[in-house]
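Novice: Before anything else, here's the structure in question.
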């Protein structure tokens, strides 16, 4: 729930007349009902309508009194996302371009795996981190999303899956934006979708990825929630990482590793390092050795990512043979590593590509 205190801390939050009903955690809904002279148990009924029956309007909550429905309508909006573009890949990946109530657009991706359906969600409209390989940063940061707008991405995809009796089984917070720059709303989102009364998606089936916002890594280490944690690394030495990720100039590799060690000491949980391979930049065997040396004493996994080409950027794909050699070298040096399966390469599935393409159309 967006409070005055949260708005003070997060200047990029929207200032809507009514906040999304999906932005309330279960405990917040209970307290809100008490504060408005209603019975606490109604929270369970409301959440059932929102997350199990997945209704589109408050008026459909027929076991609530008309009075309570009106109070809810007076205070909250039922966040709806308008599908602007829906692209489906040959491999079953579906990419959605959603329009928000203020006209901004965001991307959400449904990825199908043998082990279930995974949804990649967006946390910001645009991004200001400035990674030089990413299309998400091209227009800068416009605003942060409410927790309810992040929840609505999962719900909208789930409603599409309802037609084939499928369910969202995993969530990755790796879409547009830096989740740790919208920390409070991201944490509310995590607690909402993980709640038994909501979508009940297990914490170990949810992964959040950061570019390395170090103060928030320390905060995340203190959270009492077993969410999987990934770090976009892409370079084991400052020179290369700063070229790819300007955030490294503020939070360099040594400081990042120190924060990650603290996280592991507090949580005893494995960290995944995302390592995109860029032809001629960070994909040689010497780079694999540098990476292995950097992380050798950590409980970690390396996810090697064959990069998707972004027309606005000049990076090229690493040849497949070189990718396999890189993986083999890491394993030889005792590092757990896998190559991410490419999905949606035929449908603008790289982060920010579809939104960037639509923005070009809009501005012509």
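Cβ from N, Cα, C; glycine included.
Below, the features straight out of Swiss-Prot:
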ACT_SITE  107  active site, proton acceptor
DOMAIN    113-346  domain 'Radical SAM core'
DISULFID  120-351  disulfide bond
BINDING   127, 131, 134  [4Fe-4S] cluster binding site
BINDING   177, 178, 209, 232, 233, 234, 308  S-adenosyl-L-methionine binding site
ACT_SITE  351  active site, S-methylcysteine intermediate
Novice: Looking at the domain 'Radical SAM core' (113-346) alone, can you tell me the average pLDDT?
Specialist: 95
Novice: Just counting, how many other CB atoms are there within 10 A of the CB of residue 107 (active site, proton acceptor)?
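Specialist: Cβ-Cβ neighbours of residue 107 (active site, proton acceptor) within 10 Å number 27.
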Novice: Other Cβ atoms within 10 Å is the metric here; tell me which of the binding-site residues 131, 134 scores highest.
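Specialist: The most densely surrounded of these binding-site residues is 134.
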Novice: What are the sequence-distant neighbours of residue 232 (S-adenosyl-L-methionine binding site), meaning same chain, six or more residues apart, C-beta distance under 8 angstroms?
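Specialist: Correct list: 131, 209, 210, 211, 212, 245, 274, 276.
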Novice: Looking only at C-alpha atoms, tell me how far residue 127 ([4Fe-4S] cluster binding site) is from residue 177 (S-adenosyl-L-methionine binding site), rounded to the nearest Å.
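Specialist: Cα of residue 127 ([4Fe-4S] cluster binding site) to Cα of residue 177 (S-adenosyl-L-methionine binding site) measures 5 Å after rounding.
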Novice: Measuring Cα to Cα, how many Å separate residue 177 (S-adenosyl-L-methionine binding site) from residue 120 (disulfide bond)?
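Specialist: About 12 Å separate the Cα atoms of these two residues.
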Novice: Looking only at C-alpha atoms, tell me how far residue 234 (S-adenosyl-L-methionine binding site) is from residue 134 ([4Fe-4S] cluster binding site), rounded to the nearest Å.
Specialist: 12
Novice: Would you mind reading off the Cα separation of residue 308 (S-adenosyl-L-methionine binding site) from residue 134 ([4Fe-4S] cluster binding site), to the nearest angstrom?
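Specialist: Each residue's Cα considered, residue 308 (S-adenosyl-L-methionine binding site) and residue 134 ([4Fe-4S] cluster binding site) end up 10 Å apart.
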Novice: Can you tell me how many other Cβ atoms are located within 10 Å of the Cβ belonging to residue 209 (S-adenosyl-L-methionine binding site)?
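Specialist: Looking across every protein chain shown, the total is 20.
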Novice: Could you check the recorded positions 120, 233 and say which one's CB has the fewest neighbouring CB atoms inside 10 Å?
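Specialist: Each of the recorded positions 120, 233 was scored by Cβ atoms within 10 Å; lowest is 120.
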Novice: Using Cβ atoms only, which residues of the same chain lie under 8 Å from residue 178 (S-adenosyl-L-methionine binding site) while being at least 6 residues apart in sequence?
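Specialist: The list for residue 178 (S-adenosyl-L-methionine binding site) reads 123, 124, 127, 128, 129, 210, 211, 213, given in order along the sequence.
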Novice: What is the Cβ neighbour count of residue 177 (S-adenosyl-L-methionine binding site) at a 10 Å cut-off, with all protein chains included?
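Specialist: A 10 Å sphere around the Cβ of residue 177 (S-adenosyl-L-methionine binding site) contains 31 other Cβ atoms.
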Novice: Can you tell which of the recorded positions 107, 134, 233 lies nearest to residue 120 (disulfide bond) in space, using Cα positions?
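Specialist: Of the recorded positions 107, 134, 233, 107 has its Cα closest to that of residue 120 (disulfide bond).
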Novice: Using DSSP and three states only, what is residue 120 (disulfide bond)?
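Specialist: Note: residue 120 (disulfide bond) is in a strand by DSSP.
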Novice: Please give the maximum pairwise Cα distance, in Å and rounded to a whole number, for the S-adenosyl-L-methionine-binding set 177, 178, 209, 232, 233, 234, 308.
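Specialist: Looking at 177, 178, 209, 232, 233, 234, 308 as a set, their Cα atoms extend up to 19 Å apart.
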